[in-house]
Amino acid sequence: MHLLTLENLERKDIENILNDAIYFKKNRKSENILKEKTVALIFESPSTRTRISFDIAVNELGGHSLTLNTGETHVSKKESTKDTAKVLSRFVDVIVARVKEHSTLEDFTKYGNVPVINALSDLSHPCQILADLLTIKEHKNKLSGLKFAYFGDGNNVCNSLILGCAIMGMDIFVATPEGYEPNEKFVKMAQQIIDKQGEGSITITDDAIICAKDADVLYTDVWVSMSDKNKNIDEVLKIFPPYQINEKLLSYAKKDAIVMHCLPANRGMEITDEVIDGEQSVVYDEAENRLHAQKAVFKYIFSK
């Protein structure tokens, strides 16, 4: 059982994961799901929240974590992913990997024989979205029927958000400049889920106000990630400011709307200090919930 994207999860699966996460949040060291298990944590790019939350999750679940930074090992450098996957499968019980290319994760699942969890790739960020859904549920007491508004680059986080929100029956609005839309495959999958369930909707627009109007949740991410070297920075700084979450944009949303950002944030760019530090911001709850959601993911993986 692997978790590379959310596409193979049904609503009941996510509901179970969120319920388990709520339990783990109330009972920090309650279960030894990973007793006598070793988890390899592989990082091809810098990480704060992902690394710390997974490390703590493994240890609080009774397991042992082994962190492998690619700059210090042969992983993704001098050794093929195929060989790395086969060798690690002899040593560890789970592979958690934060990678630059999603294909690396697919190779781990193809050539290894232990569960693989996507801690972030260029295509998807499923664990972040499970933490996001947990945060929304905590603050709104439901998911189905909410208007979820995303602003900015249609990146890996956006891809996973539209999938997760579609599964949970939410109305998804994505405001992004032309040419920066989310991955078409994920948009199609989200629409198929919506059609099948007969609940929710998805709208991709370049109009931030349409996106923000009467929204229950406003969400943004960095306009340019640390690993994205293909974007024209000057162009980004020119065309993205209308998608900044600021007090004016927030005024179009519902009065009790919450504001989210997966962090790290470039304050003054995709979001202002006033908003991220304001009463409607839940970014630190969101960050904390990475720990609890990821514990629930381990439980889900080993219950299959």
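Each residue, glycine too, has its Cβ placed from N, Cα and C.
Together with S47, T48, R49, T50, R98, H125, P126, C127, Q128, C262, L263, Swiss-Prot lists one candidate of R11, R290 for binding carbamoyl phosphate, that being R290. Of all the binding-site residues listed (R49, R98), R49 has the fewest other CB atoms within 10 A of its CB. Spatially, by CA atoms, the binding-site residues R49, Q128, L263 include one closest to D221 (L-ornithine binding site), and that is L263. A Cα-Cα distance of 11 Å separates L263 (carbamoyl phosphate binding site) from S225 (L-ornithine binding site). Within the set of binding-site residues S47, R49, Q128, the entry lying nearest in space to S225 (L-ornithine binding site) is S47 (CA atoms). Note: the CA-CA distance between Q128 (carbamoyl phosphate binding site) and N156 (L-ornithine binding site) rounds to 10 Å.
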